[in-house]
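Student: Okay, these came from TrEMBL:
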type	residues	note
COMPBIAS	526-543	compositional bias 'Acidic residues'
DOMAIN	620-662	domain 'RING-type'
REGION	526-549	region 'Disordered'
TRANSMEM	326-344	transmembrane segment
TRANSMEM	353-378	transmembrane segment
TRANSMEM	410-431	transmembrane segment
Amino acid sequence: MWLKLFFLLLYFLVLFVLARFFEAIVWYETGIFATQLVDPVALSFKKLKTILECRGLGYSGLPEKKDVRELVEKSGDLMEGELYSALKEEEASESVSSTNFSGEMHFYELVEDTKDGIWLVQVIANDRSPLVGKIHWEKMVKKVSRFGIRTGTFNCSSDPRYCRRRGWVRSTLIMSVPQTSTSKGKVMLKEYSGRKIEVEHIFKWITAHAASRIKTIYNAEHLKEEWNKSDQYWLKIYLFANLDQPPAFFSALSIKFTGRVEFIFVNVENWDNKSYMTDIGIYNMPSYILRTPEGIYRYGNHTGEFISLQAMDSFLRSLQPEVNDLFVLSLVLVNLMAWMDLFITQGATIKRFVVLISTLGTYNSLLIISWLPVLGFLQLPYLDSFYEYSLKLLRYSNTTTLASWVRADWMFYSSHPALFLGTYLGHGLLIDYFEKKRRRNNNNDEVNANNLEWLSSLWDWYTSYLFHPIASFQNFPVESDWDEDPDLFLERLAFPDLWLHPLIPTDYIKNLPMWQFKCLGIQSEEEMSEGSQDTENDSENENTDTFSSEKEVFEDKQSIFHNSPGRASHCDAEACSCANKYCQTSPYERKGRSYGSYNTSDMEPDWLIWPADMLHCTECVICLENFENGCLLMGLPCGHVFHQNCIVMWLAGGRHCCPVCRWPSYKKKQPYAQHQPLSNDVPS
C-alpha cells in the first residue's frame with residue numbers, strides 16, 4: 001500500500017512539473033502567460049460575445065462593439081486563460097443531454113427534491129405543441145448548461161392526472177429554484193409568463209430569478225452595516241461592480257453553495273461617495289472580495305482565478321467543502337492508487353487483472369467502511385470547535401500560491417481528460433518497466449510466467465487450499481492422499497471439523513536453531529580405516545562426510561523441503577550421516593560393525609556447540625535413531641532436539657507442535673534451567 005501511495009504522489013508531482021513545462025512552452029512561443037491580462041479593445045466582436053456568454057451577461061440590446069466591450073470590462077478583468085477556455089468551450093459542439101421525465105415520481109425525485117440546483121423544465125400539454133421549438137430548445141439547453149442549470153422535458157401524455165393537478169393545461173416553461181437561503185431547504189416552481197419565446201428573453205428571465213436570491217446593496221450605509229455584521233456565515237463573497245444585476249455564474253454559484261457561502265452584490269452604479277470602500281481596501285472596480293474570519297482575500301490575483309463558473313467553483317470548494325466532496329476526492333485517490341497494482345504486479349496478464357480486481361474491491365470496501373464511523377463522528381454535537389479549526393486550516397492552506405497552482409492544474413487536466421489518462425498510463429508503464437527489471441535482476445521466475453502457467457498454479461493453490469488448508473501456504477508441494485483415493489474427500493465431508501483447522505504459515509521454520517552434532521575424542525579417518533578394504537574405506541568416507549560450513553547447511557535446506565512425507569523416518573543422505581549405510585542397515589548389522597560409524601554411547605558429545613536453551617539428548621524420537629557425528633540437528637522453542645530433516649517433515653505435515661511435549665513450535669517458551677550435562681542424557 002505504501003509503495004502504491006508513493007507512486008501516486010510521484011505521479012502528481014509529474015503532473016505538476018508537466019503543467020509548468022506546458023506554460024513555459026506557451027510563453028516561449030507566444031510570449032504570454034495564462035494569468036496575463038487581455039485588453040478587450042484588441043478582441044473581435046465575436047470573442048467579446050463569447051466572453052459575455054460564458055460569464056452569463058445578456059448583450060441582446062447592445063449592437064455596438066464599444067458597448068459590448070464596456071460590459072466585459074464592468075464584469076471583471078479578462079485573463080488569457082479565461083479567453084482560451086471560453087473559445088475552446090465555444091468550439092466544442094458537443095450536444096448536452098436533457099432529461100425526459102416519465103411521470104410524477106420521476107419529476108419529484110429529480111426536480112422538487114433537489115435543494116441545491118436550478119432546473120428548467122419544458123412542459124408539453126396533451127395534444128399541444130411545445131412552447132419552445134426543437135432548435136431553440138437545443139440552443140437553450142446548451143446555453144444554460146454552462147452555469148450548472150439542468151434541463152428536462154415533461155410530456156403530460158405520460159401522466160395527465162399530475163398535469164391537471166398542477167394546472168398545466170397549456171405548454172409552458174417551469175423553473176425550479178430553492179426557496180430559502182438554508183441548505184437543503186424547500187424549492188419553488190416558477191412559470192414563464194413572457195410573450196417573447198426567444199432564447200435571450202428566456203435566459204434573462206432565468207438570471208433575474210436567480211439573482212433575486214442574492215443580497216444586493218445599493219448605498220454605503222447598507223454596506224457598512226453588512227460589512228461589520230457577524231452572523232452564521234464564515235465565508236462571504238462580495239461583488240463590487242457597476243452592473244444592473246450580477247452575472248449568471250455568480251447567481252448560479254449562490255444557489256450551489258446555499259448555506260455554506262453568502263453571496264453579496266454591491267451595485268456601485270449610482271454611488272457618489274465611495275470613501276468607505278477605500279477604507280475597507282476596495283480600490284478597483286469590479287472586485288471580487290472574499291471575507292473570512294482571518295481577513296480579506298482578493299479573488300483574481302493568483303493563477304487560475306478566472307471570472308468563470310468552473311474556476312470560482314473549485315476555489316470555493318477548496319475553502320468550504322462538503323462531506324460529499326471529501327468522499328469523492330478520497331474515492332478518486334483510492335482508485336488511482338489501486339490501479340497502480342496493474343503495473344506493479346508482474347507475470348501473466350490474467351494475474352495482473354485478477355490482482356487488480358481484488359485490490360479495487362478491497363480498497364473500496366475499506367474506504368466505505370472507514371467512512372461510516374467518520375460520518376457518525378461528525379454528527380456529534382461537541383465537535384463545533386474541531387470543525388471550525390479544520391475549516392480554518394483549509395482556508396489558510398488553500399489561499400496560498402501553491403494551492404492556486406494546484407487548482408489551475410486541476411481545471412487544466414479535467415478539461416483535457418485524454419492527457420490525464422495518457423500521462424497516467426505512461427507513468428504506469430515506466431513503473432512496470434523498472435519493476436520488471438528489478439525482479440529479473442533478482443532472478444524472479446514469476447516475471448516470465450505465461451497465462452496458462454499462472455492459471456495452472458492458481459488451480460493447484462485452490463485445490464490445495466480446499467483439501468489441505470494448512471499446506472496451501474507452504475512453498476513446497478505436498479502429496480495429496482485424496483489424489484490417490486477420492487473416497488477420502490467424502491470422508492472429510494463427513495467430519496467438517498477437519499476443514500476448520502487454523503492456517504499457520506511455515507515461515508518460522510527457517511528461524512529455528514540448527515547446528516551439527518559432534519562428538520569428542522573421535523579418531524581420524526586414516527586411523528579408523530586402517531586395515532580395512534579399499535571398497536569399505538571409500539564407503540566409510542562417504543558416511544563420515546559432513547557439512548563444511550554453516551552456509552552450506554542453509555543452501556541445502558531448500559532441497560530438504562522437496563522430500564516426500566512418506567520418508568520422514570529417514571534423513572537425507574547428503575544432510576545427515578545417520579542416513580547413510582549405517583541407518584539403512586538392520587540393527588543386527590549395526591551391532592556387528594566395528595568402525596565406519598560412531599556409537600554415541602561410547603563417545604562424549606560436544607555440548608558446548610549446542611544452543612543454551614536446548615535439552616541435551618542423543619536420540620531423535622521421530623525416527624528413533626541415535627545422533628551420528630556430523631548430523632544436522634534442529635531444536636524447537638520447548639528445548640527438544642531432533643534430526644533437522646525429521647522435524648521439518650513433521651512440521652510441514654501440519655503438526656505445528658513438539659512431538660514430545662506438544663508445545664506449539666511457533667511459540668516461544670521460557671528456557672529450561674541447565675544442569676550438568678551427561679553423556680547419555682535422553683529426554684524422558
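Using N, Cα and C of the backbone, Cβ positions are placed for all residues, glycine too.
On this model, are these features tucked inside or out on the surface, and what's nearby?
Tutor: Only residues 6 or more beyond the boundaries of the transmembrane segment (353-378), in the same chain, are considered here, and those with a CB under 8 A from a CB of the stretch are 323, 327, 330-331, 334-335, 337-339, 341-342, 345, 387, 458.
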Student: Can you tell me how the residues of the domain 'RING-type' (620-662) break down into helix, strand and coil by DSSP?
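Tutor: Helix, strand and coil residues of the domain 'RING-type' (620-662) number 9 helix, 11 strand, 23 coil.
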Student: Sort out the residues at least 6 away from either end of the transmembrane segment (326-344), same chain, that have Cβ-Cβ distances under 8 Å to it, and list them.
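Tutor: Same-chain contacts beyond the flanks: 1, 3-5, 7-8, 11, 352-353, 355-356, 359-360, 363-364, 367, 371, 424, 428-429, 431-432, 435.
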